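Under the heading active site, proton acceptor, TrEMBL lists 286. Annotation comment: TrEMBL describes 71-212 as domain 'Carbohydrate kinase PfkB'.
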């Protein structure tokens, strides 16, 4: 039985920006489930709907090709990623009114669950997702888009804040991203997670993924810039469940991926891609996670998980946003 002291997670699986030397990192830490704790993600036996559980900040991605006048109006740089300020609040409705937009279910964790489902294809609803949205039109669109992506999304809906959104303003080869977290920050554990019908979905899952944005190595006070050494130090951190070894995976953009398990360090070259084929790298980390989870939930070997992660990221960076073709070409 899993006790509902849920949000006591300490491990992360997210791209980590701005480690001391600016290297892009993703930290993947796998650990067994201990009563009262969900740490990173953990693997058990079967593969069926609701086998994968994710919890994070849901956003509705709103993508549009815009003109320079819009960027100037909201003082946006052509190629940037920012959090929305008060002066940006009207941007999202203006995009919808004045430009042709595409909507996608977004937010880091939801992206990863979405990519995992795309990689798996069948059955649908392998991934369950919890997060908070507003009772508004963008919330309704987000629910529709999550359903179209075959995610079993169960949102906590409240009316104090609007649904979180991320505007992707495209000009030529540039993308200016503006995220308004809004309702995504308003999740209430006691009003949603602790409800019996929702907790049953948590108990049903075999693999768990919870993200938080953190500069992992810096926060852990690792006094090294060497990626392999960081992996070793992360793998050796204290662990509640000693029956299962922690696995640490670090990505570093186009450079090799590093995995630490016990005293062993393995490296995996990323898939080659012509720079001219790279369209948008913002969803690469989320896609890497999604690909990894898609194999982990099927109890595939870890090297196969990394292979799927590299494939997913390679597909996503060729497209705008965290989007993908109808079916993957992976085996």
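The chain as shown is numbered from 1 upward.
Note: Cβ is positioned from N, Cα and C throughout, glycine not excepted.
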Structural state census, the domain 'Carbohydrate kinase PfkB' (71-212) (DSSP three-state): 57 helix, 43 strand, 42 coil
Validating a neighbour-count step here. Other CB atoms within 10 A of the CB of residue 286 (active site, proton acceptor): how many? 28
What average pLDDT does the predicted model assign to the domain 'Carbohydrate kinase PfkB' (71-212)? 95
